[in-house]
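A.B. asks: Structure provided below as structure tokens; questions to follow.
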């Protein structure tokens, strides 16, 4: 029986010998490869924190001592040690184990959001709460890495943590030099310098021993070289980077030596007061396919062959790949086009552009706020920046979008990947807020393509507009192409109009279908017609602002249905309601959109079905709306 099979709580690892811990670490890595390869998930980050997580749970007393994992995609080992190994077959599945920490799963999990750079602020607040409640013996551990320290929020938190000299906050910097791809920026360079220090000091120590063995001449030579060494070291190695904030610093420590990490953490626990433990780890450690994945070290994978690391099944081209190719084409013809990524060039489709135009791709780290205002600066300088981020991360840069881009009416194109429902990535990764968030920026235009050809057209149009634009598309494979019957002057397209054979008295329904849900609407049009209604389907293409042609069409129908994969409050449907009211058009409207909830993780199709936005759900809601207005007889 393996050691892992005996682990059901953190207490079980506290009594193990270091030899047993090494065996357990190997067993955990084998377990992770087996389970994550079958479900998909964040494999590389978790392979890199096995010994670190073991040491944390041996030194601290979870859940009394909160352990906060920044982004928490590297919390799989933590889940294993807190009794959840048996649920890993359900990882990221409906009603199964979350891919991030989850308060519903365990009292060992204190947070749930998977947005980066927030852990230190949580830790600061928890430590203050414990201090005010007189719970001085409790520690707070924040594990931050995978590029999260490139986010400004971490430094805002550190500035506050450092002032709490009587608050027990241990900040573990999990330094693997990566986010998705290699971490960039001045802070990353500083950590690299700190990583360099131990070997540098070992060489100097050897030199000291040799020179002193030569008598007084050697001693004088050593003194001169020592003074030179200190001057060089202070200029290239930022040893005061953390102490200058008022925090004790320990490290770098080999993150794959459990004994060494444990010793550093015990010192941090007993130190009393804020402290940094700098741990150097290798993302993907122990699994050759991950170690050989130079680009991302298997940061996140789908279902893979555990022996080879290769994806299982054939992967069809997705939305991101179409955008990626179109951006490169645009860059070839226009030298003013530049691109910005917040540490996610690969996932957002910017890598190809960066390879072709390395001087025109700017990776700003996990810093969406800075990315947006930097884009504003590029636009002020006469360029047309394309900011490519996940839809859910646009929320982090709203003030910059509103005041630094919108207020100046600058030609910045924001491309939102993973817009709408994403599903298995969990509540905080769904991109359902972008219409409501970006839509209130005066003068902004938001495009929602329905297929690949539509995406190409709309992205090209966005690059010709001298004001802020957004192009949003979902995660996953592309739907079949849908041709339009007519394009109106404002860009909206008529996709379906019921046959003229129907009698004039037949009830008529206008369906405004947005983006990725257009194909779902078209799938059920004939079913609605068979129930006895004429149906008109229009795709606005540019969903914001509301196209005048849609307002005009609404006046000619007895019921308007809007269908979108964004939040219902403040979404496209709500904007159409306002436009109709402003034009004094009195027609019933039903908005089919994502409800105001944080949903549990499940597949995209499962989630769409759960909220009534699958083809079946859309059909049911349209028929119910028509029946409620007596446009159809109730069966």
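Here the Cβ of each residue, glycine as well, is placed from N, Cα and C on the backbone.
According to Swiss-Prot, the protein carries these features:
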type	residues	note
BINDING	73, 114, 115, 116, 147, 148, 176, 287, 368	thiamine diphosphate binding site
BINDING	146, 176	Mg(2+) binding site
A.B. asks: When you measure from the Cβ of residue 176 (thiamine diphosphate binding site), how many other Cβ atoms are you left with inside 10 Å?
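C.D. replies: Its Cβ has 25 other Cβ atoms within 10 Å.
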A.B. asks: Would you mind pulling the longest C-alpha to C-alpha span across 73, 114, 115, 116, 147, 148, 176, 287, 368, which the record has binding thiamine diphosphate, in angstrom?
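C.D. replies: Max span of the thiamine diphosphate binding residues, Cα based, is 32 Å.
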A.B. asks: How many neighbouring Cβ atoms, not counting its own, are there within 10 Å of the Cβ of residue 368 (thiamine diphosphate binding site)?
C.D. replies: 27
A.B. asks: In which DSSP state, out of helix, strand and coil, do we find residue 368 (thiamine diphosphate binding site)?
C.D. replies: helix
A.B. asks: Return the count of C-beta atoms lying within 10 angstroms of the C-beta of residue 73 (thiamine diphosphate binding site), excluding that atom itself.
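C.D. replies: The answer is 22 other Cβ atoms.
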